[in-house]
Ligand SMILES: NC(=O)c1ccc[n+]([C@@H]2O[C@H](COP(=O)([O-])OP(=O)(O)OC[C@H]3O[C@@H](n4cnc5c(N)ncnc54)[C@H](O)[C@@H]3O)[C@@H](O)[C@H]2O)c1
Ligand SMILES: CC(C)[C@H](C(=O)O)[C@@H](O)C(=O)O
Ligand SMILES: [Mg+2]
């Protein structure tokens, strides 16, 4: 079981160190950790955020633990050299089209949600975000209009096979949960979304035990703070999923709590090949201070054990340790506490 360890930039190395400590504490037979560079860290050494040696490592491993990429010092670089291209390139290159972003309130943290505790307490949802298409990967550029203005453009599109494959993941996910699937789109305005909706309805015929509903994304953003407990499984496109998942994190209490799995079709000898990363970024404002919440990264490692290695009991063990540590007060500044990254890691290790 080969795991690529790619800490990246900003708080990435700080939170990755805690996830690695938790993995090592499990002492799983046959696990090999292989370090690599991504993002600005790779660009500084190799001149590229996703250099060939890192890509080769990603291909050679059964799963990837990915910290975060992004560095304000790189904001002026040409787009293909910016750190964020590492995460986009990894998702595309490995065909990781299905991004699972669970959001569930932790016992004892209800009062730290941006919502009222009784509203937050009901949250247990899964966002299934499409990750290989949409406006993210369409033709883009800068041009000059006929009257001499600069104009930026990004083409949004989905073809039906792209929608169909994420629909199947979403319906299967909903089947494993409460059987309710909400597809979020903007079909009242966008042709991309009309196609999305049509294909969701077609695929629904294969899943008679799942109840499909549709919601426009503006309404979904509102419902997510009005009554998040009404959602179970949400399926949506790349851009809407990016935005709604950050929003969901504050409904739960902190962006430092939400993990993710990015999966494709490739199967290894152990399970589905995937990349696992927190939903947050490199947090330059707190990087290097030992303040970052490592929970999202640690929970990403748990998702890896579940999806890429079939180690459900070990994944659940990490999740239970995190829940227990949080409930006992292992909280940093993002959750009104004063513990740092390593102290939170220690608390999770002690609860394992
Ligand atoms: N997958 C990724 O690697 C990824 C994801 C999102 C953003 N980014 C990149 O990260 C950089 C910063 O982006 P941003 O500021 O918009 O988003 P961000 O998620 O990095 O930070 C947003 C806010 O949340 C806080 N925060 C984030 N993670 C935290 C944690 N674990 N514990 C405590 N607080 C935390 C930050 O301090 C900041 O105030 C940019 O370069 C962006 O492109 C990368
Ligand atoms: C860094 C960026 C490219 C990325 C995205 O938009 O997908 C991030 O925001 C995320 O949510 O993983
Ligand atoms: Mg995001």
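Just so you know, glycine gets a Cβ as well, placed from its N, Cα and C.
Remember, TrEMBL labels are computer predictions, not curated facts.
The model shown is predicted, which means the values in this text are computed figures rather than measured ones.
Per TrEMBL, the candidate among 82, 101, 226 that belongs to the substrate site alongside 91, 129, 218 is 101. With respect to ligand 1, the recorded positions 101, 136, 289 contribute no residue with a C-beta closer than 6 angstroms to one of its atoms.
Residue 91 (substrate binding site) and residue 283 (NAD(+) binding site) are 21 Å apart (CA-CA, integer value). Not one of the binding-site residues 101, 281, 283, 291 places a Cβ under 6 Å from an atom of ligand 3. Proximity note: of the listed binding-site residues (91, 101, 218, 242, 246, 289), 218 have a CA within 10 Å of the CA of residue 186 (site 'Important for catalysis'), given in sequence order. Scoring each of the binding-site residues (101, 129) by how many neighbouring Cβ atoms lie within 10 Å, the top position goes to 129.
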